[in-house]
Amino acid sequence: MTIVKTSNLGFPRIGLNREWKKALESYWKGQTDRETLLSTLDEQFLTAIKTQIDQQIDVVPSGDFTFYDHVLDTAVMFNWIPERFRSLKDPLDTYFAIARGTKDAVSSEMTKWFNTNYHYIVPEYEKSTEFKLTHNKPLEAYEKVKKAFGVETKPVVLGLYTFVSLSKGYEPNEVKEIQQRLIPLYTQLLKELEEAGVKWVQIDEPALVTASYEDVKAVKEIYQTITEAVPALNILLQTYFDSVDAYEELVTYPVEAIGLDFVHDQGRNLDQVKKHGFPKDKILAAGVIDGRNIWRSDLGERLTFVSEVIAGAQPKEVWLQPSSSLLHVPVAKHPSEQLEEKLLNGLSYATEKLAELTTLKEGLTKGAAAIEAAINEAEQALLTLKEFAKGTNADFTAERNNLSSKDFKRPVAFEERLRIQNESLELPLLPTTTIGSFPQSAEVRSARQKWRKNEWTNAEYDEFIKKETKRWIDIQEEIGLDVLVHGEFERTDMVEYFGEKLAGFAFTKFAWVQSYGSRCVKPPIIYGDVEFTAPMTVKETVYAQSLTEKKVKGMLTGPVTILNWSFPRTDISRKDIAFQIAFALRKEVEALEEAGIQVIQVDEPALREGLPLKESDWADYLNWAAESFRLSTSSVQNETQIHTHMCYSNFEDIVDTIEDLDADVITIEHSRSHGGFLDYLEKHPYLKGLGLGVYDIHSPRVPSVEEMSQIIDDALNVCPTDRFWVNPDCGLKTRQEPETIAALKNMVTAAEVARKKLAQHA
């Protein structure tokens, strides 16, 4: 009979009340000392461990906790310190500097962790890097837990293949050499764990799900070398986020357990297990509870499914796990949460998901009858949720059925629109603008809190927003920007704001998840049909436009980003959800245009992150993603200029889709890519309006005019000057006012310098 245990891959770091975030930001602002920071973070780490112990998880991970990012942890641990930071002597200062930058050094690039909403710091390989193990972070975490609770844990290590795959700075022909140089470091790290008495270590290799058969075979040789050095150490080789194509090769790796995702694999991992079997000498770590969404599990269905997995694999032992780290969901249901009970009962966060695993284990070991009450409770909660979410959305159904190609297409082609818009908008060469949001000061946040607590009336709050909007319109005019924004002071989050005004969304007060560093977000919950109910942005945008002769952009979040940054329902397709959102936004775009707004930005920063991991699955997603954007924007007049914005992406993969959006102008985060996208544009010109971010908004440093001028000059070598825009990387909500104004002044000056150069060479 198969032995059944429960295991976890990782737990949220931020704490139930975001204690982790608050400790970091307080330290960065100089409000607390290092001792307080370290003490608070230790407390959060141990609290997370205790939660997992309390939920009766048999194999608890340690080492997944971080002060900023687990990929950065790995880079620093192996001494991958970019040269521009090596003059810093203090390890903690260096660590934070790589992530956040300093006044003299640009931070390392940040990008999406596979196809999730989490961002990691991209490790930088440099030929001058001295490869060495500077400290053993997984061992430190293991010993800390053992001292505090006296329990064995499973240290988590980012795998060698994935670490190199996520890094930058090397040529393809250097990969093997870098891997070989890292093998002794990984061996040393694991040897120290073995010598400390560690029984199990989890090595995360999610990059194997997209690896070729040849790569999977080559990586096997790496693990043969490493594991031979640590014969007493049991290794779980963990994959997640999709299926493994080279399954037959993977299961021959010289490790004691293989971790597979049976939730986000489109059924392919189970098919492989049934077709090829599973090694009798290995443990199957089966990801059977969704680690990335927040819906309660149908325990009866899951019990049947797990039984099917076990029957197909017939392993000696199975570990029931989430499909991935629980980093991507909130910590637990907060006691002060104010959701409708019918909805709340249908949700499951990290802590509740662990309880589901424990219940499934009981059902497998004692029989379904032993958990009948839990199965019935879950079934009833999901039925109640379905009834709560019920709605026909007749308007959407009728519109959806009547769609034709003209609903996805602007009246005329881009070149003709460009001519019309140039005459209508009368903008200078290299127009300057921002991406949308301005700093939300303590005063802004305080005003919002007073309003939400009913300490302020709607009229009082509206008056405050108007005052702040006018102040920033004046600031923008003084700076000399060409196309202005209203600043988004009424918005907490670019998705939450729209979801609160659309039918079919629910919002929490405490369900925070980590986005990057200390940045946390509360993703909306799409539980029902999405519908437009009333104009959402017209009032604020029209007011801002009334204050200036310059054009003010309407600012909307696009349908794919709203979908990808939400916890979506799972009873209809993602395409159908995106189209529902697109119909709602289409009405908002039309309302803005009707109100006299000539420039409308529909942001799609999350378009690329929704890509399936396997390239063979891309075409369908990219097709409906572009369709949903065009459905949102194609009903406007030729004089109306449609902008979009994207960030944190490897755009080379989706340039055809960017073209397919048919936006008049796209602004792109660029400054942290260190010129990589320009190399691509040199070979593959983009001929519509384009703004490449000229400075990094994730860092408090103010870039010089010369620095931004260089980026503009480099861009103009490959971009048409008559359709190039100058802008920051992203919105400025999280920055402080003085640095924002200083940076924008330098940006406008850099644009003016570039215009003069162009005039001299005309």
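A Cβ is built for glycine as well, from the same backbone N, Cα and C atoms used for every other residue.
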Per Swiss-Prot, HIS645, CYS647, CYS730 bind Zn(2+); matching candidate in GLU627, GLU659, GLU669: GLU669
Swiss-Prot annotation, 5-methyltetrahydropteroyltri-L-glutamate site containing ARG18, GLU19, TRP20, LYS21, LYS112, ARG519, CYS520, GLU609 - matching residue among TRP80, TRP456, TRP472, TRP565: TRP565
Further binder of L-homocysteine named by Swiss-Prot next to ILE435, GLY436, SER437, ASP603, taken from the candidates GLU387, GLU478, GLU488, GLU652: GLU488
Count of other CB atoms lying within 10 Å of the CB belonging to GLU669 (Zn(2+) binding site): 27
From ILE435, GLY436, GLU488, ASP603, CYS647, CYS730: binding-site residues whose CA lies within 10 A of CYS520 (5-methyltetrahydropteroyltri-L-glutamate binding site): none
Assigned conformation of GLU609 (5-methyltetrahydropteroyltri-L-glutamate binding site) - DSSP reduced to three states: helix
Cβ-centroid neighbours of L-homocysteine site ILE435, GLY436, SER437, GLU488, ASP603, 8 Å, sequence order: THR434, VAL485, MET494, MET555, GLN601, HIS645, CYS730, GLY731, LYS733
Packing count at LYS112 (5-methyltetrahydropteroyltri-L-glutamate binding site) (other Cβ atoms within 10 Å of its Cβ): 19
Inter-residue Cα distance where the pair is HIS645 (Zn(2+) binding site) and ASP603 (L-homocysteine binding site), in Å: 5
ASP603 (L-homocysteine binding site) - helix vs strand vs coil (DSSP): strand
